[in-house]
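Contents: one structure, followed by commentary.
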Amino acid sequence: MSTWTGKPSVKGSSETMRMALLTCVSVGITFTWGVEMTYCTPYLLSLGLTKGQTSLVWVAGPLSGLIVQPIVGVLADESTSRFGRRRPVIAIGSIIVALGLLSLGFTKEIVASFVEGEESSRTATIVAAVLSLYATDFAINGVMSCSRSLVVDTLPITKQQTGASWTSRMGSLGHIIGYAMGAVDLISLFGTRLGDSQFKQLTVIAALGILTSSAITCWAVSERVLVSVREDPSRDKGQFKVFRQITSTLLTLPPRIKGICYAVFWAWIAWFPFLVYSSTWVGEMYFRHDRPDAVEESNDALGDMGRIGSTALTVYSAVTFISAWIMPTLIAAPEDSTFTHRPPASIAHWIEKLNKIKPDLLTAWIISHLLFAFAMFLTPFASSIHSATLIVAFCGIPWSLAQWAPSTFLGVEVNKLSGAPDPSVDGLNGTVPYRRLSVGRLPSIEMRDTLRVDHDAELGSLGNNTGELSGVYFGIMNIFTTLPQFIATFMSTLVFSILEPGKSPELAHDAQPNETSNPDGPNAIAVCMFIGALAALMAAYRTTKLKHL
């Protein structure tokens, strides 16, 4: 068996504070994603790329997820660093993300220092911007993988839904902050101290955000340290053992985990076009249908489109944030069937009535797929910025569930595979899964404490209930998250090449009239999102199948 030392703990005097500190890094992660999703597509279009070319650049997201998260998950699972298995990756990855963001924002200035000539500079700027985007995406995927595994490692089964919902809340908070800042004219607010354009200033702020949020989580959390990895005769060894381990795990997934992954697969085909292009779509609705004549003379069309898209996404993120707080109280957690809650006697009658009508998390996840499909079916019929913004905002409800439902179900399954006690088992019959030590003055809470009864000592170590397998299984789920993004990307490329093959008429000001697309035809982004609605229906069907696994 693997051997461990120390106890996982989180600083803080209340559970709310501890959950916030544990998941604080999610604020920086989603802030970074928000800047990318809002500004990078318009930014690449402003450099002269077509929508089809831009969609191919966005292969960076799924490619980085496919490569980085499973590999980082396996390597982190076996890390014997004295700082823990997850925090070193979060720290190093955050530094790379910050450098990538800064190089993305100041690409033109960096290229101008080394390359002369207008045409050469333009080509070099596009190449440097794409490479910076890839570096940022690869690093942020490593941070995201370990931040999710850190939650699973630290919390017991009975707290997995709480941890996942807190990750969703903090992620929504990061989106709100990021999109709200994108909607504000930062040049008017800060001057040119952080850069002479909206995009530059946002990349600086996002770099500071990812560094600060990851530093807070790494400071607040203490991990159990892996001393030695258990020797498994069936485990592959050698130069390519990581890839063989991923492959063997992928081919032998337990039925319920496989079912979760299938549902996630179809859901991400549906969500990817929305997440990447919704900001640009709202901006195009404004420029093509509602733009006043004065805006046509703007010197910063990229900033204008980014602020318009950010305004819509700020509303969307606010809906997501509110939903992440409200819905967990209205949905029965996976452990509710085995864990008896004891509310105060004065409200026990009302709580009992509420619990009878509460949908379970699986049912709520199915409904969320259907709600998203309904919204995406409406996108081709939107004809103003107001209708587009309303559709985007509505999607905050299903997105809230899409963030924490899969993680909750997978976290429960991984903890069961790792030998964690069932929620119905109390401390007299097995390992004490969650022992509160911070009463009054004590500053922390110890989770999965070493207190055990005699029969538990036969297990030899706590490796059986430390989320030991979380890295590899979350990496596997990420494969089912990234592969559909490739499908959605190539589907988008095909749609763009047919409906809008030219450069952006709103952003590519140096393009000749015969090089731009016709803005009066069908909106290609809306068509991509409409196709995504069909995938959302398939996701609902695959999620329904989980009821029988």
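Any Cβ shown, glycine's included, is placed from N, Cα and C.
Here TrEMBL flags 20-44, 56-76, 88-106, 126-151, 172-190, 202-221, 260-282, 313-333, 361-379, 385-402, 472-499, 524-541 as transmembrane segment.
Within the same chain, residues 50-52, 55-56, 58-59, 61-63, 65-66, 69-74, 77, 141, 145, 148-149, 152, 245-246, 249-250, 253, 257, 260-262, 264-269, 272-273, 276-277, 406, 410, 413-414, 417, 517, 521-524, 527-528, 531-532, 535 sit at least 6 positions outside the transmembrane segment (472-499) and bring their C-beta atoms closer than 8 Å to a C-beta of that stretch. With a cut-off of 8 Å on Cβ pairs spaced 6 or more residues apart, the transmembrane segment (126-151) and the transmembrane segment (361-379) reach fewer than 3 such pairs and are scored as not touching.
Remote same-chain partners of the transmembrane segment (20-44), defined as residues 6 or more beyond its termini with a Cβ less than 8 Å from a stretch Cβ, comprise 10-12, 53-54, 57-58, 90, 94, 97, 101, 104, 126, 129-130, 133, 136-137, 140, 143-144, 147, 150-151, 154-155, 163, 166-167, 169-175, 177-179, 182, 198-199, 202-203, 206, 209-214, 216-218, 220-221, 275-280, 283, 302, 305-306, 309-310, 313, 317, 504, 507. Against the transmembrane segment (313-333), the recorded stretches 260-282, 385-402, 524-541 differ in Cβ pairs under 8 Å, and the greatest number is found for 385-402. For the transmembrane segment (524-541), the residues of the chain that approach it from at least six positions outside its boundaries are 51, 263-267, 269-274, 277-278, 280-281, 284, 366, 369-370, 372-377, 379-380, 382, 484, 488, 491-492, 495-496, 498-500, judged by C-beta separation under 8 angstroms. Sequence-remote contacts of a segment are chain residues at least 6 beyond its ends whose Cβ falls under 8 Å from one of its Cβ atoms, and for the transmembrane segment (361-379) they are 161, 263, 267, 270-271, 274, 281, 327, 331-334, 388, 391, 394-395, 397-402, 405-406, 408-409, 525-526, 529-530, 532-534, 536-537, 539-540, 543-544, 546-547.
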